[in-house]
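If you look up TrEMBL, you'll see 4-349 marked as domain 'RCC1-like'. What TrEMBL records for 2-55, 56-105, 106-159, 160-213, 214-265, 266-317, 319-390 is repeat 'RCC1'.
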């Protein structure tokens, strides 16, 4: 059985203490619940509270002006939300005057005030607002997380998409400048596409996401510095909070105008509005940059929670719960209404850890009551909550730093291979398998969040550290290739071609969004040159169209991978070039264009790789770039002549005529035989130029003499003439060579 302790603002009934007549509760009091109740989560808005139970039902209490409690009257006592009784609710979130429920079917239901579009169901009638209804436009997605600000909502789907709706007065939806003040339907935050999101969070009028590798992005109201970007300007697009990129942030929570972050090692950083001491820095100053709460630095915090203007922090090892910030309504639980600007121990009545497990917190509700262990802490509005369990039960406290698989986006992993092991080559995969494959291979976020280095070594990813376990990537795709199920390969290829690559931006929002360019080439589909137009060339074209800043990242990532991965990349595009060069002739215009685009893209990709190879002291031998027998598939002599003369003649390559393509722009392709042809061709050209130059000079001299009636100069010989005697062959030759200019050496010898 769970015990719930509550304290804070009680005037509107948000604490659910039906027998309490005062306006505030200044010390923890037990909330009466039935014996069989187990709490899943609690969310409290300004004046109402939602409680989700593990059995899928939902309770509510508090202000009900807009029917945000989902009941018909003002409720100071917890009551069941009967209109959701047919749904299995797994998570709830409360805004100022609206409520959101996430069901086991991963559907979102909303109700309450909709003046600012906070229900995400369009401009519906008031009678429709008062009843929990499905957000239909999200029904095709599988929603993992939901968070509410005062008047806006943010959600995360299992394929890594972020949808927002509600008030956008301060840009808290992150949709940019040319957007409506209110958004009545869910809108995709497209500028974050590709980031593997681990968590979404919302404050009063600001929003945050946390990536899998600890990157923190915030947007919206910033008048107190609550975005942590060292200014107080509101932002309508996501901004990275760079100072804590390397701190291994695992969890974020937000108050009305302040933000708190929890690191992997249990440190707490806060920033934003500090006027009530809610930042815990022993002052009432605002902070525009994240600052560690030093008074908690000696303790390993595992849970944090933010109310409107107060903060809670829980230390499991000592069993201590700390509170700081606004205390006007008793929300700090310190038996007073004073504010606190540094962490204060909630005194009633905590005891040290029990003998059962020294790492777990124990409290006593009263001197005669049973010992309890804190399981989870919550805060919202001016209210605070603690869910506790009997100390004798082997139930550990929640740790907000650990991953919850039910809240994680889909990724590629070993268990996906296990799902496919039973398939024969001609079997049709089940809808569950195809749905997952479709979502993962059409989502940059899912792929970018896959194969991360173990033990959180991927944290702090940067231009020098991609955070991907490339050997795990290779093993996965080798195992996937061994399954060799035709339908599976078709699903993967189709989604990469039609949904993934076309949506890749030229300017990715973060280095984490670039990881797929390392991961995808390890897929066995890239071993098939016949798929050049489907996946191989489109990926290269997308990579080559990246901004210079993004491209520069790969200049440092590729060398760090090891030569085998770089060599594979070179081999992929070299095989495509060889494949295209040996295709039979065609007159189909579509096929002609496809081959031309494919060939140029592959050559440009190889040129980029060759440059990276040279810049890094030849990670692989230069002969790895040679295209075998290229002189038999390309007229090297004609290509060189066109290249030197800068003509745009059409040349026949791979069964099609291509204009303006010079293989001599890609000299790294040429092996010894091809280079020999080029040298011979160049020598012939130089000789011909020398002869032509001499003849032009003679003609010019002749006509100049006629015009001026002067004796013409002696004609210049078009040949290199050496006059020698038999008696002094060497001496005569050397003497005449010394007296000639370099231009003479290019003429034919006579």
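Here the Cβ of each residue, glycine as well, is placed from N, Cα and C on the backbone.
Taken together, the residues of the repeat 'RCC1' (319-390) have an average pLDDT of 80. Helix, strand and coil content of the repeat 'RCC1' (214-265), in residues and according to DSSP, is 3 helix, 23 strand, 26 coil.
In terms of DSSP secondary structure, the repeat 'RCC1' (106-159) contains 7 helix, 19 strand, 28 coil.
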